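Please read the structure below before turning to the comments.
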Amino acid sequence: MTSTESIWAEIDLEAIAHNIRQLKAILTPPARFMAVVKANGYGHGSVAVASKAIEAGADMLGVARIDEAIALRQAGIAHPILVFGPPPPERIPEIAAYDLIQSVGTFAYARRISDHARHAGRSISVHIKVDTGMGRLGALPAPVRYSALGKQLGGAAIREVESICHLPGLVPEGIFTHFANADDPDLDFAHDQLLRFLDFIQALEQRGMQFPIRHAANSAGILRLPESHLDLVRAGIALYGYHPSEDTRRPDVDLKPALSWKSRIVHIKNVPKDFSISYGRTYKTPAPTRIATIAAGYADGLSRSLSSKGEVLIHGRRAPIVGRVCMDLTMIDIGHIPEAVVNDEVVLIGTQGDMQITADDLAARQQTISYEILTSIGQRVPRLYRPSDQS
């Protein structure tokens, strides 16, 4: 794909479709498939990813914030959308206005939604969030296996969910939880979370409540815990071609990274030995060399923590970042690439020749995760979508 930009991201939508097919092939029936497109589709572009995901068979979409859901609706996407995070109270009317499904974790918040639904003469579907060990959002059941169907343990959480289910104007369509560490080598805690969740649902069902959609599996759960697939799975990072961790890799699932991130050389200079590069003069050339300046900086998402320790690809060869990453520009030692010239393509994430740099590679150097790398690519970086006939 050619570009007239100085920095850009190429998104292979066919890779998104491929990843969905790979993941759906291992689902435990009757599980349906949610494509999680929060954070601008993990940096890939939420509208384009959502559209391709629906085309590839996604049954539902998931977002973190109401603005993300509204953007999808305004783009013409009519598929069911679950909003994971609670909107501010003054924005509750937009849940019904845009036909969204809202996550709720407390009776107090659910009652606000119910009040609006009653006054508007509308019904609003909700999924009840259960905190089985994430410590973030949701009703809090007991931390051990329920006995006597929850009559003694977790009674407060059961009563709270029961109260939510009885609120007028709400349709308790689903109930869900989130794994804290299903990507770790040891799955004991994930198994315990699932057990708590299923016991909690059983206790609720014994009190007459029914939830058509039960869900727990994130990407790690999809790949490692088939018993957690239940009625719906939520594919996040795996949708975009990355495994949550090395422990989640499996030979029968071939995920393809969908994003490449590229820039260009905008300047080249020959410099002598002991020439200082960038702010703070933290790097000095050990020998005469050529320094290329590329149009990528920390404002674009290229972390300053990669200063003098990151790499890029130029002419299919690795070239080191030297000196501090600047806001808009970064310097690269190209002394070993004599054919490099101004305007040459530079790969930050992706493949060039036989070499590849992945978001996992950048994450390892920055002591973080691929999720952060992908979602940190800045808004001023254009997203270009690769036609299917070029994928």
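Including glycine, each Cβ sits where the backbone N, Cα and C put it.
Around the Cβ of Lys38 (N6-(pyridoxal phosphate)lysine), the number of neighbouring Cβ atoms within 10 Å comes to 19. The feature N6-(pyridoxal phosphate)lysine is assigned by TrEMBL to Lys38.
If you look up TrEMBL, you'll see Lys38 (among others) marked as active site, proton acceptor.
Look at Arg136 (substrate binding site): DSSP puts it in coil. The Cβ of Arg136 (substrate binding site) lies under 8 Å from the Cβ of His178, each of which sits 6+ residues away along the same chain. Taken from TrEMBL, the feature substrate binding site applies to Arg136, Met327.
Summarising the annotation, TrEMBL assigns domain 'Alanine racemase C-terminal' to 258-386. The average pLDDT computed for the domain 'Alanine racemase C-terminal' (258-386) is 98.
TrEMBL lists Tyr279 (among others) with the feature active site, proton acceptor. Neighbour count (other Cβ atoms within 10 Å of the Cβ, all protein chains): 13 for Tyr279 (active site, proton acceptor).
Note: Met327 (substrate binding site) has non-local neighbours Gly297, Tyr298, Ala299, i.e. same-chain residues 6+ apart with C-beta under 8 A of its own C-beta. Helix, strand and coil counts from DSSP across the domain 'Alanine racemase C-terminal' (258-386) read 23 helix, 51 strand, 55 coil. DSSP gives Lys38 (N6-(pyridoxal phosphate)lysine) a helix state.
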